[in-house]
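Enquirer: Mind having a look at this structure? Questions to follow.
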Amino acid sequence: MAKEFQFNWKPTIIPELLHGSVFDRYDDESTCLELNAQVRIDENGFFLRWLIEGKDAVVLDMGQIWEARTGGLPKDGRIMFELEQRGASETIAERTIWITHGQDLVNVQSFFLVAESVELAKTCRAGINDILKSSRIRHVCPTTQLMKYHTWLTMNVNERRKIPIKLIIKTFSSGKPEKMVQKCLNDLGLGGDKYTPARVINRSMGKKFRNFYKCSRGRKRKEREELDVDILTFEKFQRLYNKICPRTEVQELFVKLSGQKEYLTKERLINFLNEEQRDPRLNEILFPFFDSQRIVALLKKHENDIKYQEDGKMSGDGFLRFLMSDENPPVFLDRIEMFMDMDQPLCHYYINSSHNTYLTGRQYGGKSSSEIYRQVLLSGCRCIELDCWDGTGENKGEPIITHGKAMCTDVFFKDVLVQIRDTAFARSDFPVVLSFENHCSKSNQLKMAKYCMDIFGDMLLSKPFEDAPLDPGVSLPSPNRLRKKILIKNKRLKTDIERHQLDQFLREGKLDEEDELNETPEVVGEDSVSPRSGGSGGTGAPEEVDDDTSDDDDDPSVQTSLNVMRTIPTVNTTSNNGSNRSARSSLDTPSPSGGSLMVPDRATSTATSIKNAVLARSPNFSSLRQKLSFKRRQSPLAGDQRAHPEVEQPVSSSSPATPSISGPPPCATSSGSTSSITITTTGCSTSSSGPSKHILGGEMPAKENDEAHPELKQNFIAKNLKGFGFSKKQPVLTKEEEERIFAEYHYTGATTNIHPLLSSLVNYTHPVKFSGFDVAEANNLHFHMSSFSESTGLGYLKQSAPEFVNYNKRQSSRIYPKGARVDSSNFLPQIFWNAGCQMVSLNFQTPDVYMQLNMGKFEYNGGSGYLLKPDFLRRPDRTFDPFSESPVDGVIAAHCSVRVISGQFLSDRKIGTYVEVEMYGLPTDTIRKEHKTKVIPGNGLNPVYNEDPFVFRKVVLPELAVLRFAVYDENGKQLGQRILPLDGLQAGYRHISLRSDTNQSFILSPVLFVQIVIKTYVPDELSGLVDALADPRAFLSEQKKRQEALAHMGVDDSDIPDVPNTRNMALRHVKQPPRQNGSSADLLANNGQTGSARGDQTSSMASSTIRSPNEQPQPVAVDKFKVDPIEVDDLRRDKAFAKLLKRFQKELDDLRKKHQKQRDSIQKQQPARRRNSSIAWIQTNVDKLITNNRRSTKKEKGSRRSLTASVSSGCGSASGTVTVSVCSPSGASCSGYSTGGPSTPVACNSDGTGSPATIGSPVPQDLVNNDRVRSLVNTQTGEWSAMVRRHDEEEFELKKVQLKEQFDLLRKLMSEAQKNQMLALKLRLEAEGKDLKQTQTKKSMEDAKVIQLDKGIKTKAERDRRVKELNEKNLKMFVEERKRLAMKAQKHEEQLTKRHLDQLEQLDKDFHKALDAEVGNYKEEQLAAQPTSVV
């Protein structure tokens, strides 16, 4: 429910109008003056009525009155004479109240009230305008509208000052029979009195008319019924309404809410107001809930039964009165007032804008009017357009306003400014923008500037504010800062050029001759290249180009239309008398009619005025001949700046011109008093002072004083349009003629020859040619703005929508209809509102659906004409795409449903009706031509629809969305409409009053009774969870009820397992693969399935690094992908590795055999030594020594003098060879002996000396000191030791090579295993992706099938939209899932790759470690080796 708001809609009525005053009345169409008319306004300000003695009252709805202004003198001389007889003639204009009224902007009627005194006229005029300024009365409730109609009945009395019963019967005739209405009147005592009107036959009637009455004298005169005004009170009228039109649908609702009782209790009423009538999204503090205290106040207002009031109950009648009261409006009532922040920069607002404001009809051949500017401004428009051209003929030297070269009538520029001045701030105080499309010469531009300054005065903003200079980065001033200011939008010179020319003009009173006649290239923005428009759509229509857009050559829509064959003109400088001299003299002499030189064949305008208030002398024209001679070769119409070059007087010595299809349109013939250069073309010639008025027969103006050329009205139509098939009996264009004119039309761009004074008046609305969004962003000039045709705007919106939105955050843009809309139709403004375009200009004279949308949108915020754009369209740190279909950050999507229940007073005819509900917003939110009720035949009074709700499931941006309610008859004619903003809409059961197609109220407004549900949008799969969170008690209570029911059926609660919510099953089914959120190591450790490490297997390999011996691998299975580590032992068991080891062993055995052969060879080289006795004796003792040594080796080990026996099993000695070493007690020498083979090596000291040793028995001393023995030992020791070292080194090198090959093979095997592991991982992930796609496809098909089978979806469009929304949601979800799967695969691959690198790195470390160990062992053995010998 809405917060309490004091809605006081009643205006203040001054006593002179409330009690009535006497005026004399006349109108434009009458020729007589109605004297002593009693004029009054009712106490509620609904109607203005005048009563004349002996006549029926005339009642005028105040909602149809545009304004009351100071009147002029009457045109009819008889009326003027009578007014002079009744008062002072010099004060007639001041004593006159000129009231204009009408149901639309174009068909405006007027009447005049002449007061007895100037003071009375001034007071009543101000009182009427004060009533009109308030817009609250347009938003009253249905009860107040019934009161309004009751007031109309009581004021609309006949000559007997009673209410005709027929008016009451006619009220209900659209749904009820007359006898039934009459019976209800009689039941309520409203039958009235009967009387027979007297027949009055005027003697002045014609003979046939008198004979008609004579023939009917025998007929019975029909009796009439009338009712006293005092009898028909509002209470009785309400009872009559409820009796004739019982609200059965409200009664059904009441019975449902009351629980079959005759009243609503306080608790039920509170629950209804807080649950049904409240938007759940509202803040509880700003919009408090209803409590008992507010219910008591509510009952006092609407419940008439005192007992019910005391008991806190509400009856059915009281409930109906509440539903139809001001406390139950469809829109928050504070939205009617000024509720928006008006201190933001000007570009942050939508501005109500008009296109070609001067036109009252079609774009071609239409009528121009200055009066329509008043209606447009009074209707709330804040940006109006003025197409300014040089006047021709008698109006030469005066700027006019017309649609140039489109055969439209003209109005004076000065007259339009007066109308703007009088009405600019009559309804709204916020600034008005005048959009000039300037085609005038500099002299007329000077007049335009002077007219603006003189007429507007202080209202004109002639220079920027000091705190808001025209500098880069400076924001525009706010609407509050610009209150009651008029801004001019016109091209402007560059700053330095403007300053120079303006100083010269103010100093000398004129400009240089070159500046006067040449186009000025120093216009800001005109030297930049504009991007070509992409938007004509291939229609071939000439695109109208605004003054700040591209030239015609830059617009492809213009280029494609220029397929008209043009004939090259010839210049005839001979005047009417054939004198070339007079023609040449006209170049040197100023024209008598205003001093203008007309050169119609220039590509750009050279027409300039030399006569104005500040010029001291006339320029010398003799210097222009060379320029003119060149310009004469140009096309006469391509760049002509005249408004109507086609109506100039043809002068040619040749035969009369014949109209040609390929040439320009035929021209009017008129004589003129001045001479100029005459251009002759095929089918068209011009003369000096030919008229420029174009009036089509079908659009004859009603008032002469509203045209710049009224004298052309008759002769031009009758004589000069015959070439197009026009005649007196054919006042309108045929389709073929219109197409012909349209094909030959060529739009002329606005002039760049700007007068510095007019340029200096442009400030915050400086139009420039659009050069691109990046250029505009780089310049950062907020006061620059650009205009786009709807085609061009759609092109930019299609290509660069976010950039367009950002552009509109900083500066303004204006959108106008494309030139192909010759019927003045409109485009959908919502498209450009979505992009933040401020001035979306429409044709106000055409009240189509799109104009209704514009009027309905700007009806709020006090009707100021300014609406603050949503936050995301203003903040520079936010990015917004108007084509987005997903919710915007910070904006909560809404869900809206509308159920049309019934209607009241929809039509005054007994005809079938239906209701259509549409939504306009973002493209994804816009729903049109889908939701309509069934036709209820033969009842235009109170049809009951009771349709199923029209559901708008997901509204992405509620702030931009509006609802449109429209009622049509069975033939498709619109009966009423209403535009309501979604962000201000109230939920619950509401009555919606409808408006006319021009957004005006009716005397008895049609009303729709609807139920509106607004809440936060929740996806279907989460609705159950949201409901449970919103009301957990109800959710648990429902669960408990079901549990008790199952227990009653014998089912134990323990037998029921917990199951997931079916609403989330589909979502869970898609999301079943779990996501891993651990570290990368954990993620990889849980990945993979390993098998054998053999290279020929394609199964998964282990994915762990080479671990230390104490580290134990721990394989874990995740996502059905088991991982085991790669073990080196597994790799060593590979066939290739076993084969390599076998080859290594063979190589080693071969090397050892080779070494053994070498040892055997050395032993064979010393046979003589063994025969020596001493050696033999040594040998014998050595054998004994070996025998003893075996017994005592362990005991004597480590002794300084010891016998060491070792069995060598390594390389360097034969198997089973025993080596014995004998050392002296001092340790200085030793002798080595070896046995067990053919030869025995003996170990000696390093110097080759041996010491005598006692082995078993003492060694003879002489043997030890024997030189021969010593030399033999030394020689044998050296040879043998060298051989042993060489063998050891060869074996070491072989081991190194084998170790390297071994680890190379391990590396190769590991790489293959890693490759297989990676391949298995990819195959697994691909399988998961394939499974995911299959699951997603299955889900999409199942969801689409559910939607197709959903019986709650009524229309195909809704079903398609649901499927599209579902597909988009699924697509987004599927993309996210696939992204997660891809990220998971990427992480797995990255981690596996890292682990593979670690494994290879560890393998390299192990290789180097093994190599270092081998080298260390080899060095250690070398250090521990002793010299050995064979003896």
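The backbone N, Cα and C atoms fix where each Cβ goes, and this holds for glycine too.
Heads up, here are the entries from Swiss-Prot:
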- 340-491: domain 'PI-PLC X-box' (DOMAIN)
- Asn356, Glu385, Asp387, Glu437: Ca(2+) binding site (BINDING)
- Lys489, Lys491, Ser787, Arg814: substrate binding site (BINDING)
- 510-601: region 'Disordered' (REGION)
- 543-556: compositional bias 'Acidic residues' (COMPBIAS)
- 572-586: compositional bias 'Low complexity' (COMPBIAS)
- 632-692: region 'Disordered' (REGION)
- 652-661: compositional bias 'Low complexity' (COMPBIAS)
- 668-692: compositional bias 'Low complexity' (COMPBIAS)
- 758-874: domain 'PI-PLC Y-box' (DOMAIN)
- 877-1002: domain 'C2' (DOMAIN)
- 1072-1119: region 'Disordered' (REGION)
- 1074-1113: compositional bias 'Polar residues' (COMPBIAS)
- 1135-1166: coiled coil (COILED)
- 1150-1162: compositional bias 'Basic and acidic residues' (COMPBIAS)
- 1150-1176: region 'Disordered' (REGION)
- 1188-1216: region 'Disordered' (REGION)
- 1191-1200: compositional bias 'Basic residues' (COMPBIAS)
- 1204-1216: compositional bias 'Low complexity' (COMPBIAS)
- 1288-1318: coiled coil (COILED)
- 1368-1402: coiled coil (COILED)
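Looking at the shown structure, can you explain where the listed features end up?
Expert: Every protein chain shown contributes to the tally, and the Cβ of Asn356 (Ca(2+) binding site) ends up with 26 other Cβ atoms within 10 Å.
For the recorded site, Lys489 (substrate binding site), the DSSP three-state label reads strand.
Mean pLDDT across the domain 'C2' (877-1002) comes to 93 in this model.
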Enquirer: What is the three-state DSSP composition of the compositional bias 'Basic and acidic residues' (1150-1162), stated as helix, strand and coil residue counts?
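Expert: Computed counts for the compositional bias 'Basic and acidic residues' (1150-1162) are 13 helix, 0 strand, 0 coil.
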Enquirer: Using the alpha carbons only, what distance in Å do you get between Arg814 (substrate binding site) and Asp387 (Ca(2+) binding site) once rounded?
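Expert: That comes out at 15 Å between the alpha carbons.
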Enquirer: Around the C-beta of Arg814 (substrate binding site), how many further C-beta atoms are within 10 angstroms, looking at every protein chain?
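Expert: Excluding its own Cβ, the number within 10 Å is 28.
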Enquirer: I want to verify one value. Collapsing DSSP to three states, which class is Arg814 (substrate binding site)?
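Expert: Its secondary structure by DSSP: strand.
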Enquirer: Which of the three DSSP-derived classes (helix, strand, coil) applies to Ser787 (substrate binding site)?
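Expert: The three-state answer is strand.
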Enquirer: Can you list, in sequence order, the residues of the same chain other than Asn356, Glu385, Asp387, Glu437 whose CB lies within 8 Å of the CB centroid of the Ca(2+) site?
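Expert: Counting only non-site residues, the set is His355, Thr357, Tyr358, Leu386, Ile401, His403, Ser435.
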Enquirer: Through the lens of DSSP with three states only, how would you label Asn356 (Ca(2+) binding site)?
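Expert: Looking at the DSSP assignment, Asn356 (Ca(2+) binding site) belongs to neither helix nor strand, so coil.
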Enquirer: Could you give the Cα-Cα distance between Ser787 (substrate binding site) and Asp387 (Ca(2+) binding site), in whole Å?
Expert: 15
Enquirer: Please work out the number of neighbouring Cβ atoms within 10 Å of the Cβ of Lys491 (substrate binding site), leaving out its own Cβ.
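Expert: Step by step: centre on the Cβ of Lys491 (substrate binding site), count other Cβ atoms within 10 Å, giving 26.
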Enquirer: Distance check, please: Cα of Asp387 (Ca(2+) binding site) against Cα of Lys491 (substrate binding site), rounded to an integer number of angstrom.
Expert: 13
Enquirer: If the substrate binders are Lys489, Lys491, Ser787, Arg814 per the record, what's the largest distance between their Cα atoms, in Å?
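Expert: It comes out at 14 Å between the most distant Cα atoms.
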